[in-house]
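Q: Sending over a structure as structure tokens; questions will come in a sec.
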Amino acid sequence: MKRHGILNSQISKVLADLGHTDTIVIADCGLPIPAGVARIDLALELGTPSFVDVVRIVADDMAVEQVTLATEIKAANPVALEAVMKLDVPQDYVSHEAFKELTKQAKVIIRTGEATPYANVILHAGVIF
């Protein structure tokens, strides 16, 4: 058994396999998941686990170079936006429709139980050196 970091074996494997600029998505429970994109479904009930918790834990174990968010998060979900801003990496904003198109390129979408609007982020992998 691991002593530190993410215990979920699927997420641990995805993070270990990422290369520079690869992307993963952390999503609320309503974001459509495109055909062909791997899904790790953590949702247990509405709100559990939260977007904020999953972002914090995954980002602590991942070299994040940049994030992409839907522009709509700025007005609709300041709590989720604040959680992402704490990562202290450059942010790119696109429309929600463009965001959904970008998810088609992700290595995986991690679905949380979050049930608030636009609580979705694309994490771009950096390097550890």
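From the backbone N, Cα and C atoms, a Cβ is placed for every residue, glycine too.
Sharing the record's features from Swiss-Prot:
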- His20: active site, proton donor (ACT_SITE)
- Asp28, His96, Tyr118, Ala119, Asn120: substrate binding site (BINDING)
Q: Tell me which residues of the chain lie with their Cβ under 8 angstroms from that of Ala119 (substrate binding site), as long as they are six or more apart in sequence?
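A: When sequence neighbours closer than 6 are ignored, Ala119 (substrate binding site) has Ala27, Asp28, Phe51, Ile73, Asn77, Ala80, Thr112 within Cβ distance under 8 Å.
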Q: Taking the Cα atoms as reference points, how far is the residue listed as 'active site, proton donor' from His96 (substrate binding site) in Å?
A: 24
Q: So which other residues, same chain and not among Asp28, His96, Tyr118, Ala119, Asn120, have a Cβ within 8 Å of the centroid of the Cβ atoms at the substrate site?
A: Ala27, Gly30, Leu31, Ala70, Glu72, Ile73, Asn77, Ala80, Phe99, Glu114, Thr116, Pro117
Q: Looking only at Cβ atoms, how many others are within 10 Å of the one on Tyr118 (substrate binding site)?
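A: Around Tyr118 (substrate binding site), other Cβ atoms within 10 Å: 22.
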Q: So which one is it: of the recorded positions His20, His96, which has the fewest other Cβ atoms within 10 Å?
A: His20
Q: If you draw a 10 Å sphere on the Cβ of Asp28 (substrate binding site), how many other Cβ atoms land inside?
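A: Cβ-Cβ neighbours of Asp28 (substrate binding site) within 10 Å number 21.
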Q: Return one of helix, strand or coil for Tyr118 (substrate binding site), based on DSSP.
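A: It is coil.
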